[in-house]
Amino acid sequence: MKQLSKREASIYYVKQHMALFACPLCQAKMQLNDTGTMGCSKNHSFDMAKQGYMNFMTKPVATMYSKELFEARQEVIASGLYDPLQQKIAELLVGEQIILDTGCGEGSHLARICAQIPNAVGVGIDIAKEGIIAAAKFYSEKIWCVGDLANSPFQSASFTTILNILSPANYEEFKRLLQPNGKVIKVVPQEGYLKELRVQAFADSEKENYSNIQTVERFKESFAHVNVHRLTYTIPLATGLVSRLLQMTPMGWHIENSEAVELPQITIDVDILIGEGE
Ligand SMILES: C[S@@+](CC[C@H](N)C(=O)[O-])C[C@H]1O[C@@H](n2cnc3c(N)ncnc32)[C@H](O)[C@@H]1O
Ligand SMILES: [Zn+2]
C-alpha cells in the first residue's frame, strides 16, 4: 500500500475528529475535504499545511518565539526536565480524555502527557507557527493548529481537559470549550522556577523574584472548585543542555557571556491550578 504523506495522514486523522471544530470567524460547523481544505457554509476556509497542521490564522502574526527557541525547548523537555510535571498532570486525568493544550508551543508536553493516558485524543493550538511546525514534525496522531487561543476554531463543550502550561490564557473561551465537569489545568511558575538561571540573568534586579499571586487569584475567581498543587524539584543538568536551556526561554537571552554559565542543576517550581467549569 502507498505510504501516506504527512499531509494526507493528518487529513485522515483530523477527519475522524471533525465534531471538535467550529469556524473561528462565524462559529458554524466545518467540513474537511480530501484535498485538505476545512470550511464552513459561509465559505470561510482554512488549509492543512504540508507539514501536517491546520492553519486558522487569517493573517500571519509575528511572535518573539523562533524555530530555534522551540527546538531548544523540545530538546530540554526530551531530557526529562519536565517529566514529574507531565506525570502529575496525567495522574489528574482519569477516564476518556479529549485534551486541548492552549499555547502548546512545540507540543512535547501534550504528546508526553497523552502517552500516559490510554486512548487520549490530543489537540494543540498555538499562535506561533514555528512551534506548531515543530510539533507536527515530531508528533503524529495529534491535531496541531496554528490559531489564537482567545478565538479558537473549536465547537463549544468539546474538551474534557484544557491545559495551559506557562502560557497566556482566556478563561471565557476556556469555559466555552469545556465539557460539563471538564477541567482546566493551568501551570504557572512559582518563585523558584529556573532560579539558578534567573540569578545569572537578572542578578540584583527586581526581575530576580517572580510572583504569581495575581494569576492565581484571577484563576480562583474564574473557576469553581479550584485546587492548587505546588510542585518543586531540582535535578542535575547535563553540560550539553546548558546552552539549550539558555535558548529555550527569553530569560536566557539576557545573559551576555553565555559560554561562561555553569548550571550543574536546575529547579522547577510551579503551581498547578486545577479548576472546573460551570
Ligand atoms: C512560554 S511559551 C510555553 C509553551 C509550552 N506550553 C511550553 O511550556 O513549552 C508560551 C506560548 O504561548 C503561545 N501564545 C501566546 N499567545 C497566544 C495566543 N493568543 N494564542 C495561542 N498561543 C499563544 C506562544 O506562542 C508560546 O508558544
Ligand atoms: Zn465561517
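Using N, Cα and C of the backbone, Cβ positions are placed for all residues, glycine too.
The Cβ neighbour count for Cys40 (Zn(2+) binding site), using a 10 Å radius over every protein chain in view, is 19. Secondary structure at Cys40 (Zn(2+) binding site), taken from DSSP and collapsed to helix, strand or coil, is coil. Residues or ranges marked as Zn(2+) binding site in TrEMBL: Cys23, Cys26, Cys40, His44.
Cβ-based neighbour count (10 Å, all protein chains) for Glu106 (S-adenosyl-L-methionine binding site) stands at 32. Per TrEMBL, S-adenosyl-L-methionine binding site is recorded for Tyr82, Glu106, Gly107, Tyr193.
For 21-61, the entry in TrEMBL reads domain '23S rRNA (guanine(745)-N(1))-methyltransferase N-terminal'.
Each residue in the domain 'Methyltransferase' (99-182) has a pLDDT score, and their mean in this model is 97. Annotated domain 'Methyltransferase' per TrEMBL: 99-182, in sequence order.
Gly107 (S-adenosyl-L-methionine binding site) counts 28 other C-beta atoms within 10 Å of its own C-beta, drawing on all protein chains shown. The helix, strand and coil residue counts that DSSP assigns across the domain 'Methyltransferase' (99-182) are 24 helix, 27 strand, 33 coil. The C-beta environment of Cys26 (Zn(2+) binding site), restricted to residues of the same chain at least 6 apart in sequence and closer than 8 Å, consists of Cys40, Lys42, His44.
Contacts of Cys23 (Zn(2+) binding site) defined by a Cβ separation under 8 A and a same-chain sequence distance of 6+ are given as Lys29, Met30, Gly39, Cys40, Lys42, His44, Pro153, in order along the sequence. Annotation for Tyr82 (S-adenosyl-L-methionine binding site): same-chain Cβ neighbours under 8 Å, separated by at least 6 residues, are Ser108, His109, Arg112, Ile268. Cβ neighbour count for His44 (Zn(2+) binding site): 17 (other Cβ atoms within 10 Å of its Cβ, all protein chains included).
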